[in-house]
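Enquirer: First the structure, which I've put down as structure tokens, then a few questions once you've had a look.
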């Protein structure tokens, strides 16, 4: 039996679309534009949900977490992918590959759990409206979101450590544009059964189980909504859930197509093209879907934008204060004399207070007449 070559690998070569220069030139402006829209759209949702008090609800708290996830997920691989699309040297260090694999797995796993949590939140809001504020408390929201982030991180760290500890025997060409775990495992020359078992268990826990929970939640929501007597109430319930349901179908549909289809030993360029589209397009469409299908988000965005425009056009506070204090003494005397006379006629303690206030401000106003003489 020949000894196994255990040559260590210090870096990987991400093959990507290196054999298709036309695709590289096509994908660079396309992915750059989609990445920019992803950053702006998701950042806008986070900012609006924080600044507008009407959106300080569990639904928009989880939506803000989803937007942060989409920003983190695309930022783990899109910037490096854009560099590689224009560069002939498409390498990544061993540690960089492990970090990219861990972060992409973590954000993807967390999104699966977060979508299930959002479905549970909609179920409570529609099917248990009277007890909703008690059941979905502020503390529970933080616990559910934190649990999703922590579980996703723990799962990804475990899978990444097991995969990257395998011997690669000098194989360093990854048939992918990122350090995707299945593409990296194809390079291993050792026993990959443990890593495959962990991946299978994780796929079952994060794909069929949350999806079944989401389907159950929306089945109960549909049954409750159909019992609503008014058409306006039914329309409001459907419009509230339609955006989340569209995101669920888009995310789970593409993930199931990628990871539940029969595996092939050879990588196909069509698989990589589809991976690029689902990895970049899905996070870009999430804010578009929520902003177009949700009147509250659109109204809050207009309100925040109008507030920003108003703050830019409003005069400086210091200027208004200085104009107030340097109003001519005669105008101040006339204003406060009228207030003082009215208060005295009322014969109340409030009138006495106003008269003393008039005397004080009148004295300050008259002192402004002395300033030119003192300065001279």
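Every residue, even glycine, has its Cβ placed from backbone N, Cα and C.
Feature table excerpt (TrEMBL):
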- 26-48: transmembrane segment (TRANSMEM)
- 41-290: domain 'G-protein coupled receptors family 1 profile' (DOMAIN)
- 60-86: transmembrane segment (TRANSMEM)
- 92-120: transmembrane segment (TRANSMEM)
- 140-158: transmembrane segment (TRANSMEM)
- 197-225: transmembrane segment (TRANSMEM)
- 237-260: transmembrane segment (TRANSMEM)
- 272-292: transmembrane segment (TRANSMEM)
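For each listed feature, how buried is it and what is near it?
Expert: Per-residue pLDDT, averaged over the domain 'G-protein coupled receptors family 1 profile' (41-290), rounds to 86.
Within its own chain, the transmembrane segment (60-86) has Cβ neighbours under 8 Å at 14, 16-17, 24-25, 27-28, 31-32, 35, 38-39, 41-43, 45-46, 49-50, 92, 100, 103-104, 107-108, 110-111, 114-115, 117-118, 121, 141, 144-145, 148, 177-178, 247, 276, 279-280, 282-283, 286-287, 290, 297, counting only residues six or more beyond its boundaries.
Remote same-chain partners of the transmembrane segment (140-158), defined as residues 6 or more beyond its termini with a Cβ less than 8 Å from a stretch Cβ, comprise 58, 61-62, 65, 101-114, 117, 198, 202, 206.
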Enquirer: With a cut-off of 8 Å between Cβ atoms, can you find at least three pairs linking the transmembrane segment (237-260) to the transmembrane segment (26-48)? Only pairs 6 or more residues apart in sequence count.
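Expert: Output no: the transmembrane segment (237-260) is apart from the transmembrane segment (26-48).
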Enquirer: Do the transmembrane segment (26-48) and the transmembrane segment (272-292) share at least 3 Cβ pairs closer than 8 Å, excluding pairs fewer than 6 residues apart in sequence?
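Expert: Yes, since the transmembrane segment (26-48) and the transmembrane segment (272-292) share at least 3 Cβ pairs closer than 8 Å, they count as touching.
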